[in-house]
Amino acid sequence: MRKIIHVDMDCFFAAVEMRDNPALRDIPLAIGGSRERRGVISTANYPARKYGVRSAMPTAMALKLCPHLTLLPGRFDAYKEASAHIREIFSRYTSLIEPLSLDEAYLDVTHSPHCYGSATLMAKEIRQTIFDELQLTASAGIAPIKFLAKIASDLNKPNGQYVITPEEVPGFLRTLPLGKIPGVGKVTAAKLESLGLRTCEDVQKSDLAALLKRFGKFGRVLWERSQGIDDREISSDRQRKSVGVERTLAEDIHEWAECEAIVELLYPELERRLAAVQPDLRIARQGVKLKFNDFQLTTQEHVWPKLNKEDLLATARKTWEERRSGRGVRLVGLHVTLLDPQIERQLVLGL
């Protein structure tokens with residue numbers, strides 16, 4: 001049985017700003033683009049969240065909800081420096097680390113000798129070390145299954161942790177709302193509920209063939225997660241084939257300007273992850289992914305040896321205009337595929 005820890009920093013970008021400027025600690029604060037440039041919120045602190053401000057929300061909407069919101073453009077060098085320090089702390093416990101973004105990662109500590117082999121104690125020690133060395137708080141989830149560790153990390157936020165033992169998995173899944181499964185947003189959850197599927201137990205009782213017919217590949221993923229099946233390995237840097245970043249949206253978008261703002265938000269994150277790749281790796285292809293409100297997924301990519309925002313924006317617009325067919329979009333993603341000239345095969349760095 002595996003021991004997986006998911007560590008998620010608490011409102012990371014905003015937390016770095018509050019650490020470096022204590023005057024920001026108790027006021028609504030968000031990191032994001034300006035309203036005039038149709039910006040999008042990247043991160044909001046907890047005082048801002050009380051007003052309903054959330055990540056991926058248009059800045060204009062955030063300012064309507066919280067007119068006195070303090071908006072900062074972000075200091076990504078500072079966030080990257082803190083993220084590298086956090087990653088080094090993880091490496092003291094295991095080499096099996098899969099970063100999902102600058103502020104969260106999976107750790108496989110199944111064979112780690114630290115803390116007498118206790119994943120619970122390791123998570124507690126990691127969180128305390130992060131606070132001692134960076135004055136930032138983290139939350140953690142511990143479970144034998146990858147996606148359950150991610151769900152668990154959100155159950156005792158901020159600055160807490162939650163454990164799902166192997167014996168607790170069946171009972172936990174039985175009552176788990178489908179909207180808690182990573183990748184199942186509010187719109188999808190509402191559609192599933194309209195079909196009588198509200199919890200994992202409802203899906204457990206469903207026919208897999210019927211789910212596949214209605215939802216395609218998503219139906220299989222939904223069925224497997226509801227059964228507690230998630231065999232995905234922790235992908236360390238040397239195993240990864242691509243760099244990508246994506247965002248599942250709280251509400252479907254129907255205007256190109258909204259999609260353009262999401263691409264603008266995601267691009268700096270893609271740049272940062274690409275910069276972490278070994279220098280002998282170069283780009284083979286880059287592309288865009290859109291998921292529509294009928295669960296269909298489309299990707300479009302082409303050969304392009306250098307990362308370029310304008311090229312990705314053009315690809316996104318072409319995909320939007322040619323393949324959307326009036327449908328709402330619930331997920332936007334950017335990715336590059338990497339080529340290793342030394343061994344002539346693709347390697348990965350996932351998000």
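A Cβ is built for glycine as well, from the same backbone N, Cα and C atoms used for every other residue.
Owing to the predicted nature of the structure, the values given are computational and were not obtained by experimental measurement.
What Swiss-Prot records for 4-185 is domain 'UmuC'.
There are 22 other Cβ atoms within 10 Å of the Cβ belonging to Asp103 (Mg(2+) binding site). Taken from Swiss-Prot, the feature Mg(2+) binding site covers Asp8, Asp103, and the record attributes it to sequence analysis.
The number of other CB atoms found within 10 A of the CB of Phe13 (site 'Substrate discrimination'), across every protein chain shown, is 26. The site 'Substrate discrimination' annotation in Swiss-Prot covers Phe13.
The active site annotation in Swiss-Prot covers Glu104, and the record cites sequence analysis as its basis. Glu104 (active site) counts 20 other C-beta atoms within 10 Å of its own C-beta, drawing on all protein chains shown. When secondary structure is read from DSSP and collapsed to three states, Glu104 (active site) falls in the strand class.
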Where Asp8 (Mg(2+) binding site) sits in the secondary structure, as DSSP reduces it to three classes: strand
If I restrict to non-local contacts, at least six residues apart, and a C-beta distance under 8 angstroms, what lies near Asp8 (Mg(2+) binding site) in its own chain? Asp103, Glu104, Ala138, Ser139, Ala140, Gly141, Lys150, Ser153, Asp154, Lys157
Reduce the DSSP letter at Phe13 (site 'Substrate discrimination') to three states and note it down. helix
